[in-house]
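Starting off with a structure, shown below.
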Amino acid sequence: MSTAGFNSQNGTGTGQTYANGPSQNPVSLQQPPGGGYGMNHQPSYNPMQAKAPGPPGPGPYPFGQYQPVSSHQPGPQLSSYPAAPGQPLLSRPPMGGHPSYTPPQSASPSPGPRLPPAQATPLPPPPAATSTSYYPNPPQPMASAWQYNAASASSMSTPPRGPVANHVNPAASLAAPSPPSSAAYSSAPPPPPPPHMSHSPAQPSGPGLPPTSMHGYTQPGTAPPPMNPMVPNTYQPNRPAYGPPPAGPPPTMRPTPPPAGPPMTSGTPPPPKADGDVAGNGPQAPNSYNHVDSRMAPPTQPGPPGRHLGHYPSLPPGYQNTSAPPAPSSFHPAGQAATQPYTQGPQPYQQPPGGPGPAQLSSSLAAMSLQSSTPEALRVVNLLQERNLLPANPVPAPTPCLTQDLQKLNCNPEVFRCTLTSIPQTQSLLNKAKLPLGLLLHPFKDLSQLPVVTSSTIVRCRSCRTYINPFVSFLDQRRWKCNLCYRVNDVPEEFMYNPVSRSYGEPHKRPEVQNATIEFIAPSEYMLRPPQPAVYLFVLDVSHNAVETGYLSVFCQSLLDNINALPGDSRTKVGFITFDSTIHFYNLQEGLSQPQMLIVSDIEDIFLPTPDSLLVNLNESKELVQDLLKSLPNLFEKTMETQSALGSALQAAFKLLSPTGGRMSVFQTQLPNLGVGALQSREDPNQRASVKDVQHLSPATDFYKKLALDCSGQQVAVDLFLLSSQYCDLASLGCISRYSAGTVYYYPSYHHQHNPDQVERFQRDLKRYLTRKIGFEAVMRIRCTKGLSIHTFHGNFFVRSTDLLSLPNVNPDAGFAVQMSIEENLDDMQVVSFQAALLYTSSKGERRIRVHTMCLPVVNSLSDVFAGADVQAITGLLACMAVDRSVTASLSDARDAMTNAAIDSLTSYRQAVLTIQQPGLLAPACLRLFPLYILALLKQKAFRTGTSTRLDDRVFAMYQLKYQPLVFSMLMIHPALYRIDDLTDEGALNVNDRTIPQPRVLQLSVEKLSREGAFLMDAGIVMYLWIGRNCHPNFLSQVLGVPNYAAVPEKLHLLPELDTAESQRTRAFISWLRDQRPFFPSLHIIRDESQLKPHFMQNMIEDRTESALSYYEFLLHLQQQISK
């Protein structure tokens, strides 16, 4: 398939770069910033404009050999806080500067966003920003490639393609109507036959869910402690009635300000164009579902002439209320709200007539504000004085300040969370806060409880296509108002019947309106072709280098062990391709006595020797497949072929999978050096520890990216397993997975004998990979309330249209992030909503739609914005933005920008929120960990300088930050440290009849280590168990099974299974940590003399190294910049 099909979105063939990966919203770039919607448009805060660096400092800290100091030794502590009042402050952080602490100056201003070719217009370069001004004088600079809140204004003269939720025109308040009269319910006709309704838990394969997850649907009134196993919940007819959703009077409509651009002659917009009909999109696969989301929309009913969309006819007298909507008031989260557990389950509640609907929170919020004058989130913390800022347990997600009724229904933060749990009312307020606004999603997460609805009618808004959800308003029994565009919709007849209570006339009690996360089994209207079967193609490197690593036998054995657990049905297909300097296909057609190997040596013009027998039905040809897997390792045992024609093998695999779509699993062990896609080594080993900018973070060729886009168009995703001890140019190879919604797995220095812990990790990862849930031919769209807009996406996907992500495969371990801006003031709104809808084909051939909806309050004061800041979500989004910045600009630019993000937000807090100016570095309690997390990012493998880091290791760390869900990426950024030689059952969890100790989390500093103890560091994909030289013999014998410290083996990565209480506690704790993540972290048990000790010490973020500041020095630097 040619790449012409993607020209309109990605610029192939035009010399332009692809607008993908993070992609600016094409609709939003049709006019320069500052215009649109007739509103006062504020310039966006841009942390990426490089500030003028401070003057070179004297470097008061001598450089010497790094000496870790244990707490029991005399002498100064490396990371203790000096108290000398006259101590000079640092001028800038060492952004890799050695031996001076002056960071590299940015050579040029940050580049502007990459425009799609269709809209690219030459723009003047932005003026250099100074350290004292965030808003340069006119002319305003073009928004930078990394900006928090680029308010993307859309030209009204060009209608958006498809149903873009965030470009709807009406401005209406979110007031909800009063409840219907009982008379309306008494005349209900007899109920129709009930639609089929199932409530099946999604069966997660592999490791179970973390016991801390709080997405269970608990029975009313019986919320168990969140750590305990969730109570199974099925829809029961005799269960207590669910309370009605928020109801109340409709708002008084205010006139909509005239939009910028030509006047609209009618309030009814033209019918939305299908997303798949983008001009120039070329040949697509027969099942490109990009237009299905809008297909179900019936024709829009014309409104009264001259009336803008959103102004509805007068309601019947029983539902009218002439009072104006209450004015929004500022509020603070109540102190006790933070402890409220998230339960998504339907909770019974009774609301008084005209009770608190989403739009009538104002008075109750004002009362909250009076009750808690200073909430815990805004408690002032002097970071230079308070040492122990880390909580004893993992940092929880903040609870949005909503009424209890709404909060009970809100989406689980493990699935959907926002960087700000209180949304600013205007873009200017967001700019003042200097905090990024964005969403972090884990849309296909394994859930222990997932309501599944089968219905012939999926109720959606006729205008913006939002799925009905718990935050809509029912005006009466027959009408509901969309919470995203405020259109009034009719309730379909079938929706009147509630399968849960088996009653008629209570649409607001249906499961769709009681659960923020729900899955629909889609009717045939959501399909363009019959759902594809599960198709798995394995592409295996069999060169001499690959055979030497020994991976082939591990792979074949794992697939043999798990072949019956592959997700699928009777239609499941499999195929195999191996390659070295030639491409080998395998005929596995039913009826053959043994597999046939077919070799194609013409790699320049690849073809399929027998197209019909290379992908075979797994059930029909299972014996042949098993024979092949048993013989493959021996088949190439003696090979001396050293070349690798990966590009040609990928082309062949693409040809094989194109007719159906499916998953391509590629195993590669060296740099491809033959045929198309051949690469040269770009790494200079002498530059690994360079303090200068790191080169070659971007791909060397666009071959892999173009092929990935072809794959995406044919519903093929590519997963790459890289097992190598040498440089493989992951920056180039990784594109094949990044743009096809695949995943990269990386095993550096993999060898079946020399590196047994990598072998174990590969085996565990492979088992999870082969058996986990999978969705095929998926698309995801994120919608938000009118006035908000999405402008940049992060993750592995292809942006098919303005707001539609193409995901040929979706897996439960993939995370996504989006940046947002406020296009129109949210003046009349008390809450806004966000909805992510994922349409996919299950491995059983069912078309399904998983919908997540989140509701957040709108605030109009800066203190409320800060009070709702989610420090971990902010850090995760900044990490995604910094990865993009490193590739498009430079690593030093990204490092400076992260530091400036901390400086800017704390400066804004000090100047605009604090009423009494105090000395010190002050932060609100909710952001007290922000400088620590920024320093941790600067020392993370992806961004660090001055420390030897292999280029592939760095690129892989960047990939992980971009596509891992937040909970896993935070462990990579800031590992957890525990002391485990004194574990007790005090405060332990009871999970599945196992007692799990809960040691407290320690600060990442050597002063927390003790030579008398043993300490476990959990860094996400790796764990280190450091044994102190004077560790108690009891721990050594009872847990490690050795008599003394000297007997601890040098390379130990498994804890012996001893029948002692200490051993059981330690193993239970480590296995509990491992069970909470989908990948398998390897364990390294290290002593003081171990080769891995430097890796352990590099994660001591609060300590100073030769090339990076300690935490205290970093705080001093921040204080100096803030007080300028």
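Glycine is treated like the rest: Cβ placed from N, Cα and C.
Where the annotation comes from TrEMBL, it is an automatic prediction and has not been curated.
Residues or ranges marked as compositional bias 'Polar residues' by TrEMBL: 1-31, 69-80, 146-158. What TrEMBL lists as region 'Disordered' is 1-370. Here TrEMBL flags 170-187, 329-348, 358-370 as compositional bias 'Low complexity'. Per TrEMBL, the feature compositional bias 'Pro residues' maps to 242-273. Residues or ranges marked as domain 'Zinc finger Sec23/Sec24-type' by TrEMBL: 458-494. Per TrEMBL, domain 'Sec23/Sec24 trunk' is recorded for 531-770. The annotation domain 'Sec23/Sec24 beta-sandwich' is assigned in TrEMBL to 775-859. Taken from TrEMBL, the feature domain 'Sec23/Sec24 helical' covers 870-967. If you look up TrEMBL, you'll see 996-1070 marked as domain 'Gelsolin-like'.
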For the domain 'Sec23/Sec24 beta-sandwich' (775-859), which recorded stretch in the set 458-494, 870-967, 996-1070 gives the largest number of Cβ pairs separated by under 8 Å?
458-494
Summarise the model confidence on the domain 'Zinc finger Sec23/Sec24-type' (458-494) as a single mean pLDDT, whole number.
95
Summarise the domain 'Sec23/Sec24 helical' (870-967) by DSSP state, stating how many residues are helix, strand and coil.
68 helix, 3 strand, 27 coil
Please count the residues of the domain 'Gelsolin-like' (996-1070) that DSSP assigns to helix (H, G, I), strand (E, B) and coil.
24 helix, 14 strand, 37 coil
